[in-house]
Amino acid sequence: DINLDSIIVDHQDGSFRAETIIKDFSYLVHIGLSHEIQEDFSVRVVENVGKIEIILKKKENTPWKCLGHPLENHNSFIPRKDTGLYYRKCQLIFKEDVTHDTKLFCWMLPSSTHLQVPIGQHIYLKLTITGAEIVKPYTPVCESLLSECEEPVPHNNKHIYFLIKIYPTGLLTPELDHLQIGDFVSVSNPEGNFKISQLQELEDLFLLAAGTGFTPMVKILNYALTNISSLRKVKLMFFNKTEDDIIWRSQLEKLSHKDKRFNVEFVLSAPSSEWSGKQGHISPVLLSEFLKRSLDKSRVLICICGPPPFTEQGV
């Protein structure tokens, strides 16, 4: 199960750190290098034999007597939940309004980092605000729903996108909103239990999202439509207060026209008098209409994300 998502590499101030996620465990190589290396390096995985190859380039053409000396937790193999979070500084390179209170942010990873957040997993953003560290989890998204999550080659997977709702009284989001292009934020290693294998051989995928609970659905939706050949139907029921709150509405509607397997339904809890679509909160009546298989015994996955009362009620 090892692929490029499984490996996280950081080179900072002469210390080289390479973590490999193997199922629920983490294997760490952590070395203080004996000589300097160039910033860029390459990571390659030969999946069928489980080989990981990390190629570093020397700064000077001189023989090394050894790779370096072991640092904290070098050569450890421990449960992933016990590893703690490791952060690197990422630079804000782009932000734009998506709705009246939600923005799309793009941060660039350092050139000396290899990190790809697996589908369905989240990372933590950390800022120091008036002397206190504030940390919150966010799920990365694609730049656009219609881009099929494929990064253009020049990016080299160095960009991470987030859809973030700005809460005026929040601890972190007003500070994120005030960041200028070029400012830095600390980004953690990925966390989460979602396994991409859950999507294999899937026939029906049902997504239930409320507000920014839509963000984990973005990459799941795109990956399923692009890579799962057995898929017959993907349905998203997206709950919001008003029409103005719907994130990427036009993109979702375009995607449903472009791919006949995909269908989206919007449900509003405080609609205007002109709204002719569904309204209310998550309920057995809404779900029994929505959760209809394409075949009697089709292979189904249901994903749900939103505020805790929404997910508890939905489950």
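Including glycine, each Cβ sits where the backbone N, Cα and C put it.
Note: TrEMBL annotation is automatic and uncurated.
What you are looking at is a predicted structure, and each value in this text was computed from that prediction instead of being measured.
According to TrEMBL, the protein has these features:
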- PRO137, TYR138, LEU163, LYS165, THR215: FAD binding site (BINDING)
- 1-68: domain 'CS' (DOMAIN)
- 85-197: domain 'FAD-binding FR-type' (DOMAIN)
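Location within the structure of each feature annotated in TrEMBL.
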| residue | record | contacts (Cβ under 8 Å, 6+ apart) |
| --- | --- | --- |
| PRO137 | FAD binding site | HIS122, ILE123, TYR124, GLU191 |
| TYR138 | FAD binding site | HIS122, ILE123, TYR124, LEU125, PHE162, ILE164, THR215 |
| LEU163 | FAD binding site | VAL98, THR102, LYS103, LEU104, VAL141, THR212, PHE214, THR215, VAL218, ILE247, TRP248 |
| LYS165 | FAD binding site | ASP101, THR102, THR173, GLY211, THR212 |
- Note on the structure: Longest inter-residue Cα distance for the FAD binders PRO137, TYR138, LEU163, LYS165, THR215, rounded to the nearest angstrom, is 13
- Excluding PRO137, TYR138, LEU163, LYS165, THR215, which residues of the same chain place their Cβ within 8 Å of the centroid of the Cβ atoms of the recorded FAD site? THR139, VAL141, PHE162, ILE164, THR212
- Model confidence for the domain 'CS' (1-68), as mean pLDDT, reads 93
- Give the residue counts of the domain 'FAD-binding FR-type' (85-197) per reduced DSSP state, in the order helix, strand, coil. 14 helix, 49 strand, 50 coil
- How do the residues of the domain 'CS' (1-68) split into helix, strand and coil according to DSSP? 6 helix, 36 strand, 26 coil
